[in-house]
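Visitor: Questions regarding the structure given below will be posed in turn.
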Amino acid sequence: VAMSTTGDKILDTALSKIGEKSLFTKELENALERNEVDLVVHSLKDLPTSLPPGFTIGAVCKRENPLDAVVFHPKNCGKTLSLLPEKSVIGTSSLRRAAQLKKKFPHLEFRDIRGNLNTRLKKLDEKEDFSAIVLAAAGLKRMGWENRIGQLLGPEDCLYAVGQGALAVEVRAKDQEVLNMVSALHDADTVLCCIAERAFMKRLEGGCSVPVAVNTLLKDGQLYLTGAVYSLDGSDSLKETMQTSVTYPHHNEDGANDDVQHVGITAKNVPGQAQEAAENLGVELASLLLSKGAKHILSVARQLNDAR
């Protein structure tokens, strides 16, 4: 069942200005609630950290490359952002991308660009408005346009969005049959990384109207989370990394624990203690940033964005 959402329809306004948290999810959740569909598939980064009552993320699939990618205008083919001429215009509707890249590449200008991937690539190729646009590598790859990626932005250039590159399957929380069925799609490593990222975002009360960014790595049973907040122009920022162990045996917990959600995710086949550790990591990292002044940076960013 193909569906169109508010976020797909309002294409003349920056996402961060519309202010609706469930921009790409509401219509799908309504269909789920009315039993018209039994599960809905989202990009995890579109899902708010608190889901409406009665819903849960029943599966998080193996993550595609979470990095951001630069697609260049045909005339700039073979270049990188640092090689573009002074005052070149880069298209992105993401405050997170703009904040980080403004600081890293002060010679460039950033302007909003909206629309689905086809629309954005068309705007880039057919007009002279943009020298390049920044998109999620995962989306380009899934659409078969990986060959358009001119530059991948590593963590040193641009930390990615919470949940970027992962697909989420949302179901009715009480629908045990569907929950059991889709749980086979869970990728344990992706689940733990995304729980940590979502817990970080939730504790910061971040959304698409403020620049919040992350980078996670799961290696040898250790989960590393880097999180950052930025002012709109990138001049002010806070960034920290923390780690925790997520090596726990899987116990067959009693039914009572079956419905435990971690930031909206129900993952029966991932050890509960590991999920808890991941969630705590996100909360602790956010608390550390808040203790260093993140709340002020974010509230100023929110006010400035509202005033734009």
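Each Cβ is built from the backbone N, Cα and C atoms, and glycine gets one as well.
What TrEMBL lists as domain 'Porphobilinogen deaminase N-terminal' is 2-179. Taken from TrEMBL, the feature domain 'Porphobilinogen deaminase C-terminal' covers 192-264.
Mind mapping these onto the model and telling me what they sit next to?
Guide: Across the residues of the domain 'Porphobilinogen deaminase N-terminal' (2-179), the predicted structure has a mean pLDDT of 88.
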Visitor: With DSSP as the yardstick, break the domain 'Porphobilinogen deaminase C-terminal' (192-264) down into helix, strand and coil residue counts.
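Guide: Looking at the domain 'Porphobilinogen deaminase C-terminal' (192-264) with DSSP, the answer is 18 helix, 27 strand, 28 coil.
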